[in-house]
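Database features, via TrEMBL:
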type	residues	note
COMPBIAS	B:471-488	compositional bias 'Basic and acidic residues'
DOMAIN	B:65-292	domain 'LUD'
DOMAIN	B:308-377	domain '4Fe-4S ferredoxin-type'
DOMAIN	B:386-479	domain 'Lactate utilization protein B C-terminal'
REGION	B:444-500	region 'Disordered'
Amino acid sequence: MSARDDILGRVRAALADVSPAVSVPAAPRVPDRGDLVALFDERVADYRAVVTRCTSDGLQEAVAAALGPARAVVPPGLGLEVAGAVVDDGLSSAELDAIDAVVTRAAVGIAETGTIVLDHQPDQGRRAISLVPDLHVCIVDASQVVADVPDAIALLDPARPLTWISGPSATSDIELDRVEGVHGPRTLHVLLVT
Amino acid sequence: MPAFPTAARAALGDTQLRRNLAHATHTIRDKRARVVAEVEDWEDLRLAGAGVKEAALRDLATHLETLEESLVRAGATVHWARDAEEACAIVASVAKSHGADEVVKVKSMATQEIGLNEALEAEGIAAWETDLAELIVQLGEDLPSHILVPAIHRNRAEVREIFQRRMGVVGRPAPGDLTDEPSVLAGAAREHLREKFLRAKVGVSGANFAVADTGTLVVVESEGNGRMCLTLPEVLVSVVGIEKVVATWDDLDPMLRLLPRSSTGERMNPYTSTWSGVTPGDGPQEVHVVLLDNGRTRALADDVGRQALRCIRCSACLNVCPVYERVGGHAYGSVYPGPIGAILNPLLNGVSDEQTASLPYASSLCGACFEVCPVRIDIPSVLVDQRAQVVDSHRGDRVPKAEAVAMKAAAWTFSDARRLGLAERASGLAGRVIGRFSRTTLPGGRTAAGRLPGPAAGWTGARDLPAPPRESFREWWARTDGGTHDDQDGSGTATKGGRS
Ligand code: SF4
């Protein structure tokens, strides 16, 4: 018998007398927290990420200020001029490793948890570009901010790869001392367009 | 591996270990308590989480078939593995088919459980752990001691020493000016592992959740090493226990709210990755999923124990367990330590060997583990049920256990009033003997014996045995005619105790 049939057979035998579950209780919603954008701002900053607010007119300038002298890679669909940036056309991992920063947009921002979700559409690019460079400048529009995790899940398409980002990469593995950044970007700079 | 009490005794003697553990468990549990208190309807969220997992388990065969279908539709190759050996062989053959002599791994309980690193090594394939704590453990040729912070038993000076001594042997050496600052040590790990990430052809992962209706796998992590392993290699193999299934995409909601708060005490962990099969032009273009049984169907058949398969490996139960806090993870002799380990190992493997059979006893049954469990696993009830299973498994023994003999004798004694009276007199006598020879005095002035010889040694090895009262209730009743003519405390003076 194949392992597949064997395992499925064992599962069925183990549950022969077990009735399928009654209905699953609905998960509670968070109470209304008022100004979601303000909450998002506060909670992202809580992870020691940098949050800067700007208007859509001031966005280009804000990106330049966030990057400083760092050389950036940008996804092909960013929709914004970034001076000196390389547009990703399938750069190798080694090439990405030589680049300091990345600028992307996002799909959703979650206020309750301070999380940004990328669904890697053309304005966000491949997963690798937001991973290998050390500084991630992420543009989130105020209209993209939702209240909590279930709202984000309802908006996102599971067929796409998704990356949920809450602050910069971090570890507490040595004596529980929090250190920002091990393998992912050590600095996360969120530009909140309001 | 020795039985729990033996291993625990050694661990208890290690004061450094106890100090590290106490610090870690208290810190994490305070953080957890703070962020859990932020959620007003935490209890309802727990009920929802438990419901999602329980529903998936009770109809597991259907969900597994759906998962397989959706994965294949999304371009993944699905394998099934009955046990550790089959699972390891599948991973090795994928790696070999790409001519890889190394793989990069994101921390995964399932791959640890099946001993994947050792199995790959035997095939000439090096498996690099990329989680910082796992790297410390692997380089130190050591074993993990906690689900969440596997190297919690090491302090910074030890980590520095391990990095200096071992990094150069397996790859990029630690920098010469390495200090014991955590940020400097993390920086050394970054450099050391980046070289491996950039050249690796094959990545290996587990999954925190597998969504049946969409074929989505989910990995929750902090450092970005997970994203590296899941994104940069050409080929990805994920080893997923069959209990990781949830039915629908929406079911992720309570889980992704419960896990980070219960685990690291954060509102959300730094990185969560989800992917469904292959995405053209992004990430690995060959994706394999190994669905692993390895004892899970055995646990599934256990009516009381089945709920342990709801476990999402948050480790909250470890951090509140008074037993775990003192002995650490190694004493449990398995990759699953603490309260969940104490029930999961016997459920997956049965209680036939002495070590596994000792685990259901590694608990004070205080119930703290149930209180914190985000998916409401009633660990104490499962422990009690397993103790019964351990006892049952010895019913047919030719030489009965001392405990069984004692229980039989007790039943015989208690079933007859005259026998009970005799026994109580004997106990009063023992009380006087123990009282005379014991060195310990319990609060309240009662004397107690330390270590006793014979079968009682197992009990008194870690506890004081209070001396039985000199006079039993029945004796007092007879002497004072039900308390009507003598209110003198017979136990204090023993003047009327001359009857025996
Ligand atoms: S048993 Fe519950 S508390 Fe313990 S690790 Fe599993 S999910 Fe967490």
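For all residues, glycine too, the Cβ spot is worked out from N, Cα and C.
Because the structure is a prediction, the values reported are computed rather than measured.
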| request: Using DSSP, tally how many residues of the compositional bias 'Basic and acidic residues' (B:471-488) sit in helix, strand and coil. | output: 8 helix, 0 strand, 10 coil
| query | Over the domain '4Fe-4S ferredoxin-type' (B:308-377), what is the model's average pLDDT? | reply | 93
| Using DSSP, how many residues in the domain '4Fe-4S ferredoxin-type' (B:308-377) fall into helix, strand and coil? | 42 helix, 0 strand, 28 coil
